[in-house]
């Protein structure tokens, strides 16, 4: 126990020498990783294999945490962790857009994103359990890294064998079903996967601090994290369902969820020091995660052209990573325990983002109206490819515009979903 405790103290001492310590999280290096993800997904012949390798290295990085003995080694692990995590969300978005119509994408993105909530619940239970492990060789946090690393390793193997690249190569579909899967997304006007990169297309981190600040112990804070996950599942499900069935209501659903989050933030700032009341108000503010999920699906649905879509997804996730890196900087000890200033900053950011969603909707609606008034653009109506048969004969085959890798700007028949 003494040797491991000395590791913790050494890491803490070395980390305190660096002004960037609060930013050392997996989101820091997402900025570089998102751009890498966009390029990888476009160049590699098998996206499922690339994502599987990313998750495998992610698992190795988690396991290496347990062997780290100083701040530098932990930092190296976090960097590799962030690089691998960085490709996951953009990769999922691309695959989702290849299997589902634009109307379906908000709900489907929500379904896989709310698994974050399920992971938070599982992690909370595991973390609470390892707090009770007494060992002379490993500290509880090291056990946590080992357990989550093994789980991630298993997931990487499952991804390798079962995760599909695209409808055209999905192993769980028959040849006839693959044709149907490709045909049904023609309405997206976004094309299908193209492996060539085209130059012309080219709160969560602070949860424990917040809850502990209300007056809960370490054990209670860890266990209450499970409720965070449950709340996240509920709010994401409700918001993406609203975005799907509320006609042209994606921005409205996101803005409404932000309004609820702002209410929770104001209540946290305004209520007296009653830890249960503050905790419930904090859970109300967790609604802020839901508009991000809607926005992810909206970006994928309003961007056409494989290269442009991957690049746009990368840029969006860069913004997300920058926010995660900047967020910890204003949760300072001087504002504890109630953190009035940080909560005020959050409220302001959520308000501005809600306005931006509505402004974006207005812009896209105007663009749709403009295209409705334009004459039909026949530039891409008669595109043919040459099919060389086994006997050497050639046949000209017409390619539908829906299957051309055109951007939403190039394809004037494309209409933005609202």
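Backbone N, Cα and C atoms are what each Cβ position is placed from, and that goes for glycine too.
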Range among 343-364, 365-386, 387-408 that TrEMBL annotates as transmembrane segment = 343-364
Of the ranges 177-201, 277-301, the one TrEMBL annotates as transmembrane segment is 277-301
Restricting to the same chain and to residues at least six past its boundaries, which positions have a Cβ under 8 Å from a Cβ of the transmembrane segment (112-131)?
-> 92, 96, 140-141, 143-144, 147-148, 218-219, 222-226, 228-233, 236-237, 293, 296
Check the transmembrane segment (252-271) against each of 143-163, 222-245, 277-301, 343-364 and return whichever range has the most CB pairs under 8 Å.
-> 277-301
In the same chain, residues at least 6 away from the ends of the transmembrane segment (277-301) whose Cβ sits under 8 Å of its Cβ atoms read 89, 93-94, 96-97, 102, 105-106, 108-110, 113-114, 188, 203-204, 210-211, 214, 216, 224, 227-228, 231-232, 235-236, 238-240, 243, 250-251, 253-255, 257-258, 260-261, 263-265, 267-268, 271, 309, 312-313, 316, 320, 346, 350, 353-354, 357, 417
